[in-house]
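As written in Swiss-Prot, here are the features:
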- 147, 148, 149, 150, 151, 152, 153, 154: ADP binding site (BINDING)
């Protein structure tokens, strides 16, 4: 198992995303651990002590502060630890093109401006109205996701929220139906999530295996149950008249990009 340490002198989200993108190419053979706020030489020393005995590891660093970044690189060379400095080369090239000295301001991307507060508000909105907890959020949502269970509605809502988009999701369950409010809002902001039946069966079976569920939950992944749900979902989505997105073998980021493009959001 390879451990990728995402190291930053700020919150570490950028380093973590880069590390996770790399780790995802190796499925269960790589994990990511985020280590934020490495702001001093002492912090670097503590970091090295923590990871130097790791048999298979590497560092993905987005440290901005020059002396801290260089010291970390030096210590990694001494300890034979692989390190990738993600931002250093990019900043150097940008500096050359612009003929301007960089600010070297850790966390500048996450300054508490209007965009930051919009993201926080959207994330709180997504958690409050997740999985039909409260339908009152429908009219205030920027995006409404409608789909069967295990079509990535919740993680997609959270991803969109991180972009400052208020998203709410409505599960399609034959025994429950959908709220009438769904037919009263602008259908341009509603997106139906569809998926290949075989993939959905596989996803649900894996979930049952993970939690060792039996009895009533067996129906959850049965062919007949999923066929019933697909027929119900098709009926509802046709009635709404909304746009649909096939999420089969599609990454959450790709689905989010499609939605953002449809909404005209960059």
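Counting starts with 1 at the first residue shown.
Positions of Cβ are set from backbone N, Cα and C atoms, glycine also.
Note that the structure is predicted; figures quoted are calculated from it, not measured.
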Most crowded position, judged by CB atoms within 10 A, among 149, 151, 152, 154 as binding-site residues: 151
Spatial neighbours of residue 148 (ADP binding site) that are distant in sequence (at least 6 apart) but have CB under 8 A: 171, 172, 193, 195, 200, 229, 230, 233
ADP site shell beyond 147, 148, 149, 150, 151, 152, 153, 154, criterion: Cβ within 8 Å of Cβ centroid: 169, 171, 193, 195
Fewest Cβ neighbours within 10 Å, where candidates are the binding-site residues 150, 153: 150
Chain-internal residues near residue 147 (ADP binding site), provided their CB is under 8 angstroms and they sit 6+ positions away: 153, 169, 171, 172, 192, 193, 194, 195, 233, 247
